[in-house]
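According to Swiss-Prot, the feature topological domain 'Cytoplasmic' maps to 1-13, 57-63, 119-122, 170-188. Residues or ranges marked as topological domain 'Periplasmic' by Swiss-Prot on the basis of sequence analysis: 85-97, 144-148. Residues annotated as transmembrane segment in Swiss-Prot, with sequence analysis given as evidence: 14-34, 36-56, 64-84, 98-118, 123-143, 149-169.
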Amino acid sequence: MGNTKLANPAPLGLMGFGMTTILLNLHNVGYFALDGIILAMGIFYGGIAQIFAGLLEYKKGNTFGLTAFTSYGSFWLTLVAILLMPKLGLTDAPNAQFLGVYLGLWGVFTLFMFFGTLKGARVLQFVFFSLTVLFALLAIGNIAGNAAIIHFAGWIGLICGASAIYLAMGEVLNEQFGRTVLPIGESH
């Protein structure tokens, strides 16, 4: 009973993060309006599934995974609330500069988390580096009121989300086949 191997919850968290990030950034680059698809993904897959993955990382004793997944899951839930509450008449629309500060704080958090990846897989490093850049650009774009920066950030977000999906599938397939199917740049 004490030797039970626990499943790796990281692919669940990475998929929740990656898919939701791609959908939101398809909006940021101008392909789709901000609608119920993005908001639902933000609540359930980006939010709740990532928090669940983080709690499973806690069970495994992984402080980094716990901190990353529960924090970014909470990010998605707060972002959805920020976007939905004005539509429900609960608050005014968010001030763009204050939204930029919110995103900037997430960028600082992500930069510190990036440093925590430096002994990990190269793809994980890329996910956190590109996410740091994404948050920085979104913060600057909102604070400056510059739609072009937000649009450019959207392209970074698409790359970031795709890299998270690649890492998730790499972890699943590599474990499933017992060999490297998708290289993720594992450190040894």
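Cβ from N, Cα, C; glycine included.
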Predicted model, mean pLDDT over the topological domain 'Cytoplasmic' (170-188): 92
Long-range environment of the topological domain 'Cytoplasmic' (1-13) - Cβ separation under 8 angstroms, sequence gap at least 6: 49-50, 52-54, 56-57, 59-60, 65, 68-69, 72-73, 168-169, 171-172, 175
For the transmembrane segment (149-169): best-contacting stretch of 64-84, 98-118, 123-143, by Cβ pairs under 8 Å: 123-143
Residues of the parent chain within Cβ reach of the topological domain 'Periplasmic' (144-148), under 8 Å, 6 or more residues beyond its termini: 96-97, 100
Folded-back contacts onto the topological domain 'Cytoplasmic' (119-122), same chain, C-beta under 8 angstroms, at least six residues removed: 167, 184-187
The topological domain 'Cytoplasmic' (119-122), counted residue by residue under DSSP: helix, strand, coil: 1 helix, 0 strand, 3 coil
Folded-back contacts onto the topological domain 'Periplasmic' (85-97), same chain, C-beta under 8 angstroms, at least six residues removed: 142-143, 145
